[in-house]
Amino acid sequence: MAIFHKKPKEREHPEQLTPWERFQRDAAENHRAAQKSHHSWSGKRLRIGDKLPKLKSQRRRLLFKRVVILMGCFLIGAGVAGYFISPLSHVQTVTVHGNDQLSVTQVKTATKINPGVALWSVIGHDQRTTKRAERAQPQIGKVTTKLVGLNSVRVTVKEIRIAGYLSTGQHYRRILENGLILKVTYSQPGGGSPIYANFKSGHRLATMIAQYAKLPSAVKHNISEIKFAPNKANPERVHLYMNDGNEVYATISTFASKMAYYPGIVAKMKTKGVINLEVGAYSYPFKNQNN
């Protein structure tokens, strides 16, 4: 006779479970929760792992960029240093332009621009070079420099024109059109510029030079001597001896404006004579001179 054991019915409510059944149920739930947490953490680790190659690639690019910058700075610094110690950074040849009264050697000496000097001390320092040149050679008014090729320098000077030579007895001193009287004395005056004689007043001489500077070049070159010759009627009278053989009487304060008529007056004269520009403008032959 078979004996059948009847399966006990599952309890429908938790409060009907025995302590052992409740323990087994809690253990099973804890196991399932642990497995779920493990799978979730593994997924996160996989996602972070996917990002690691990208981070490494970014770091490599950043490192490469820094290395390139450092190498670039080093190469630039080395190139600059190499240039400054190489012959390319020094003046190789010097050419001088614009000089008329001054020689090339005088300009080079005054500016101190000679082969061998550093280019960086010359190019871009025209104002400083001009001041240095003026102290050494007052006849230099302005200096400009230009780099030609790799290391050749073109020096252009603007001279202050010579207004003439001041007679000081047995010697002569050069006068510039800016009124400066140079200290150097000469036994003979230079050609192409007038001699200033009998000028005792510095103010009179300065005014005369300023008036002379306004004249056209053709008239300037025709004046041989300017002699201060005042009289009672005209304390500013000057007596000029011209290279063409004529003589002129004029007034210092109106000298430039009156001398502008000189070429036209001479063209109408039939013989050499005297031209008086003190009051009005008229001329007469030497035989009728009465001064």
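Note that Cβ sites are derived from N, Cα and C of the backbone, with glycine treated the same way.
What Swiss-Prot says about this one:
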DOMAIN    89-160  domain 'POTRA'
TOPO_DOM  1-66  topological domain 'Cytoplasmic'
TOPO_DOM  88-291  topological domain 'Extracellular'
TRANSMEM  67-87  transmembrane segment
Tally of DSSP helical, extended and coil residues in the domain 'POTRA' (89-160): 23 helix, 24 strand, 25 coil
Model confidence over the domain 'POTRA' (89-160) (mean pLDDT, whole number): 92
